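Okay, structure first, notes after.
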């Protein structure tokens, strides 16, 4: 246990719409049932950019963003029994307390134990562990991985194989796990099935990987950026199509291509019009469409009820349906045994001082995932 305040570098988002700023921050020691982690590597995700843009209704400033990280436990607070200094870990934005009604229900991974305070950018006791220039800095998604040291609740930490390369497995903290789980947990893709994936960014590629692992026989990638097609095929897409190449709605194109529609579709963008197209591209009688992308606040989805009456199912998923603390170590093991890909998602690697470039690469569509080494 450490009672010392640590001074370190962090990328602070002082206000919406402005680049993050590398600052010296003070990180208080962990309180009861908290863990202080030295972050070794973190990736930059669209969700971080969404909050930084000011569009996130839960977004508050100043804040230390980041939720796709990995590191080493530096110290633990009182009452922490399952973790110790030196453990290799991934911080989790969806915790797993193991006690709430959500954790006790096998149908969901949405632990609610600390949801209220986490949504306000605070630790479970309602306070922050970060200060900078005399000001309180908020936490983000219970993780705040854009800091050399962070403090998280002990129920928001997965202990992983110490041999795992942290600049790769940090991606299992969000995007790769989300897409992979959408296919294998939420949709439960069956061998021999036909799948369509809308949006071929990091999450969409992870869905393709999940469909491939599950044994799908035909995997169709859909994106308006044809530069993404080659990578999608590397991950297992059998073909890719660009909606802009057709004069008719993309759902009609897919229905014609697949003799009535796909068995499973996945929307990995966060666009409500595409969510509708993904549902309507599903086969009558049994097609399942999974919403993976996060739409902007206030958006609503629409379709004709007849689409559902005639046997299509609309589902949603968060973090791929994985119960986090117990599942992430298993996903790391699957990666270490080469059952799933992770390295192939990393297109760029930058130093901490270059973190704003990671956002620029993402906005320009030039990266899948950029890993920042701290």
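Heads up, the Cβ atoms here are built off N, Cα and C, so glycines get one too.
The Zn(2+) 2 site in Swiss-Prot is built from 97, 100, 103 plus one of 111, 132, namely 111.
67 is the residue from 67, 139 that Swiss-Prot records in the Zn(2+) 1 site together with 45, 174. DSSP classifies residue 111 (Zn(2+) 2 binding site) as coil under the three-state reduction. Each residue in 95, 96, 98, 99, 101, 102, 104, 112, 113, 155 lies on the same chain as 97, 100, 103, 111 and has a C-beta within 8 Å of the C-beta centroid of that Zn(2+) 2 site, without being one of the site residues. For residue 111 (Zn(2+) 2 binding site), the nearest of the recorded positions 67, 174, 247, 324, 351 in terms of C-alpha separation is 324. Each of the binding-site residues 45, 97, 100, 111, 174 was scored by the number of other CB atoms within 10 Å of its CB, and the largest score is that of 174. Spacing of residue 115 (site 'Important for FDH activity and activation by fatty acids') relative to residue 100 (Zn(2+) 2 binding site) is 12 Å (Cα to Cα, whole number).
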